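Reviewing the structure listed below.
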Amino acid sequence: MTFTIDLKDQCIIVTGGNRGIGLAMSQACADAGAAVGIIYNSAKDAEDRASEISKKYGVKCKAYQCDVGQQHKVKEVFKKINEELGPVTGLIANAGVSVVKEALQYNKDDFNKIFDVNVFGVFNCAQAMAQIWTDTGFQRGSVVIISSMSSQICNRPLTQCFYNSSKAAVSNLGKCLAAEWAEKSIRVNMLSPGYVKTDQTSHMDQKLRDFQADGVPLKRFAEPEEMAGQAILLLSPKASYMTGGEYFVDGGNLVW
């Protein structure tokens, strides 16, 4: 028996899909045969990344500007993607931000900035997608929420209690949505990366990166591409009985 994951004739929306983990997932979806709608907020290179993906993999791929924290805007853009590239069959809710400060320095603006994207933004995207599927009667929708191993741990010596808390919140949000939307045949799962070579980890000096990598059983940070396989599986029919789960792709960090 041959086991392959094929997303041909599918369409996937990837928020934050023009860089880091999101870009790797956009590329992986396209490589598996899916059309891809990349959501970006302010990056100038998003349209270039979409064009490159389209040419390399021979699929439709377009970039759409959208602040995921604006509920009405998300609904408008998702409807547009569904009309232009769709029907959309899956969502990777990847967009996220972090502010690294000591707890005594945080303020409400920091909280709002992080939770508006990492929690409310994820909800907006999942809600908009689920509404489209409900309205059109589509019953095989899959949502993959990119959380973090920080949903479970504090990641010392980094001081990012708001980020960690937002990931704990979004992981539980995903479980709640999975339970509520199961009757609609909409699956919701969380993929929680460990340390990955992205812009978010590039601020660390080499000494800190070495310290963090030494705490991982596999003794290294992951490449963004190493996150994509699990996401593709969760989007595919091969995972048709998987919902409400949180899957850690962390090099064994949580068992160390």
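For all residues, glycine too, the Cβ spot is worked out from N, Cα and C.
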Same-site residue for NADP(+) (record: Swiss-Prot; known: Arg49, Asp67, Asn94, Tyr163, Lys167, Val196, Thr198, Gln200; options: Ile21, Ile81, Ile132): Ile21
Message: Please identify, from the recorded positions Ser148, Gln200, the residue with the sparsest Cβ neighbourhood, meaning fewest other Cβ atoms within 10 angstroms.
response: Gln200
Message: What whole-number Å value do you get for the CA-CA distance of Val196 (NADP(+) binding site) and Ser148 (active site, proton donor)?
response: 10
Packing count at Ile21 (NADP(+) binding site) (other Cβ atoms within 10 Å of its Cβ): 30
